[in-house]
Amino acid sequence: MTITPDMQTLADISGTVVLAGAGKMGSALLTGWLARGLDPKRVIVIEPYPSADTRSFAAGDIRLNPAAEEIGDVAALVIAVKPQTFGDAAPTLRPLVGSPTLVVSIMAGTTIAMLDTACGGNIVRAMPNTPAAIGRGMTVAVAAKGVNETQRTVADALLRATGAVEWVDDEALMDAVTAVSGSGPAYVFLLAEELARAGVSAGLPADLAAKLARETVAGSGELLHRSDLDAATLRQNVTSPGGTTAAALNVLMSEHGLKELMTRAVAAATKRSQELAK
Ligand SMILES: NC(=O)C1=CN([C@@H]2O[C@H](COP(=O)(O)OP(=O)(O)OC[C@H]3O[C@@H](n4cnc5c(N)ncnc54)[C@H](O)[C@@H]3O)[C@@H](O)[C@H]2O)C=CC1
Ligand SMILES: O=C(O)[C@@H]1CCC=N1
């Protein structure tokens, strides 16, 4: 890979980037890379069941499922298959990894040690989330000891193409990271579902309730994104003393309310991430 130490952008990557697994997260990454200027001629996608979008990318300059001997040297291999299918995929991926190859895995619960055993390479373990599909993802990454600054910069550019990136030094944090930001969008979508359902119970027509819930969650998320205020202050700004919001929050913030539920939910996801590593 010909890259300079001050490389900042995907357009500066001059080696081959292989994406293994173009499902929901892999496709989001791919879309971000192309939007941020990664040369499609440098991209190879390995995907046994390509979506229409992936096939249409492949109708351009991206190579889809080329024969192994046509792949050549790989600058970066991004692994976005399910943790449960990684065992089957690894024998195909291992021959692609040379000593300078950067290996970026986004698989939940798959440790650097497991990746090292299965594939080798210079490993970055990362946890993105699905808002990556619109460039508003949150990714946390941790690099294995052997990863040099240049490889880390390439990994950062690949991940930052879909939103914000935070680097941590302690891999043990990745289980809780997965539980908070990796799985977190599902909790927010569930909130929208349940808010709509509760609206129907309160007498609203279903389509109106769905629109109110969707726009409320989306608008509140955007306000949180743009505001300098923290979530607690934004919540207090909605809450008039003795008003309607206070009545609802008395329920949500009661003893066995959202705090307890969210703590249990995040603990369950953290535990599951730890289990996937066994
Ligand atoms: N969906 C999410 O919100 C997030 C997922 N992840 C991680 O991303 C990874 C992928 O998850 P999703 O995209 O949700 O799953 P997905 O099922 O949509 O995508 C996985 C893709 O891998 C493909 N695949 C299966 N065997 C393969 C092989 N041998 N070689 C190449 N591709 C193969 C499948 O056909 C599928 O398209 C998982 O490891 C997951 O832990 C990480 C963060 C968030
Ligand atoms: O549910 C999962 O296991 C993956 C990891 C984080 C989000 N989806």
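Cβ coordinates come from backbone N, Cα and C, glycine included.
TrEMBL does not curate its annotations; it predicts them automatically.
Per TrEMBL, the features are:
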- ALA80, VAL81, LYS82, PRO83: NADP(+) binding site (BINDING)
- 19-109: domain 'Pyrroline-5-carboxylate reductase catalytic N-terminal' (DOMAIN)
- 171-276: domain 'Pyrroline-5-carboxylate reductase dimerisation' (DOMAIN)
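Summary: among the binding-site residues (ALA80, VAL81, LYS82), the fewest other C-beta atoms within 10 A of the C-beta are counted at LYS82.
DSSP states for the domain 'Pyrroline-5-carboxylate reductase dimerisation' (171-276), grouped as helix (H, G, I), strand (E, B) and coil, give 87 helix, 0 strand, 19 coil.
Same-chain neighbours of the NADP(+) site beyond ALA80, VAL81, LYS82, PRO83, judged by a C-beta within 8 angstroms of the site's C-beta center, are, in sequence order, GLY21, GLY23, ILE79, GLN84, THR85, PHE86, ALA89, ILE106, MET107, THR110.
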